[in-house]
């Protein structure tokens, strides 16, 4: 009986092997046939198309060989991240270089020069608003280590697969707007120290191209370069404090524009407040990008404090200097002439002028602060473009960095003679959308991911049986009870932390939220922008109540409108769709 069973088993195995051989033979034949058909189509296609494809393939291989970062918007898994404490030092250097530069100082100049505020009024307005902006940027940064995703990729958990594209577009406009401003300022500086021997457009090209050459390589190179640049740049700013100190007696000579009534002065104070808030708050759209290599169990408080102090201290350091220079220019005629002739670059050269040749060298060093800021903008903007469609995501990040550089260069060349107008009217608008994004993220984390996690049935499906890995995270109720932990951290022998996001589903359309609640709240927030903004092209009815030029309160109204609408809409969305 046993022998019969063995014979039967052998016949079944022979039959199975025969069937497998037939299937493999069929698949090989089909693959060969498909390859022949594809080859015939390629051979029959126009020769120009073949040359383009071959050239693109050759270029990609060359770029990869140069060590350019190939990772796009893909999540960095816990296994691929570092554990060295040097990462904290490098990121601290990154923030010192990126935020302690002329791009931050440029907005502070407008307190006295554009809004007619005294030095004391400008200091009070700017320091309070910058602090609030840094708090928002720091809060957004905590999404980086826990997710391993770029900032705008994490926004998919708020806005869903489709609507996040609108947020990504706003992020692109924001960071590229700063790049345009930086390029123009760099051109003005080079023109000022060369007595116009270096035309403004040439300086713009130099700053833009230098930024691109670093940004194309990837996050590791970006962080290293930013760290190295922070030392000479901050040293140059310290020297500018010293060099310009002989004119500080003119600071108090200018009080404020005497032709402004009390209401208009308050409105200008509020508009300058919103402008300075935008300087640091807009970092919230990309801060998480630079923490994706940190261990997944990095304490939130460490990331928050590193980002807050890393952006607050350098911004205030250069901002106060900018207010001093601008206040002197309002009372001291030679500096005023330099500003009228060469913009911010002329004002910086005036501060260094008594040091002659060494002063020119210091101005050139300060140009690197603009390059530092543009490097980050160009690097992060590419990821937002990849979020716009599946097709764009398949195109390497370095290609989109080239596109961003070209766009920045063209816009800077076109708007180079209208710097103050661009800066005063454009930058506050960047702060509008980040205010709405922040309040939605804050409420999602504080309310729904903490108290209503059981409603996320798509993201945390109920699991019966043993949990075997990252694909099975467990039910949301188990997560709330701390019954389910992060399997990755157990394997890496780090401190166990609990999930409140299923980050493994970052690109799963069937799991990610539809984004109806966040998008509707965002649209309602736009209504707050319309009634509260005070710009040259539009003054809202609420903003118009503050003087002749209005007072910009759009950021706070948009945040309030979105914050009130989102909770009930999000609750209904979770109850209806489970995601």
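The backbone N, Cα and C atoms fix where each Cβ goes, glycine too.
Here Swiss-Prot flags 1-98, 144-157, 296-302, 384-394, 443-519, 567-579 as topological domain 'Cytoplasmic'. Marked as transmembrane segment by Swiss-Prot on the basis of sequence analysis: 99-119, 123-143, 158-178, 199-219, 222-242, 275-295, 303-323, 363-383, 395-415, 422-442, 520-540, 546-566. Positions annotated as topological domain 'Extracellular' by Swiss-Prot, on the basis of sequence analysis: 179-198, 243-274, 324-362, 416-421, 541-545.
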Arithmetic mean of per-residue pLDDT over the topological domain 'Cytoplasmic' (144-157): 92
Seg_contact(the transmembrane segment (123-143), the transmembrane segment (363-383)) with at least 3 CB pairs under 8 angstroms, min sep 6: no
Contact between the transmembrane segment (363-383) and the transmembrane segment (303-323) (3 or more Cβ pairs under 8 Å, separation 6+): no
Contact set, same chain, for the topological domain 'Cytoplasmic' (384-394): CB under 8 Å, 6 or more residues outside the stretch: 72-73, 152-153, 164-165, 168-169, 171-172, 175, 400, 403-404
Feature contact check the transmembrane segment (546-566) with the transmembrane segment (199-219), CB under 8 Å, 3 or more pairs: no
DSSP residue counts for the topological domain 'Extracellular' (541-545), split into helix, strand and coil: 3 helix, 0 strand, 2 coil
Positions on the same chain near the topological domain 'Extracellular' (324-362), where near means CB under 8 A and six or more residues out: 102, 105-106, 108-113, 118-119, 122, 184-193, 236, 239-240, 243-244, 246-248, 250-251, 253-254, 419-420
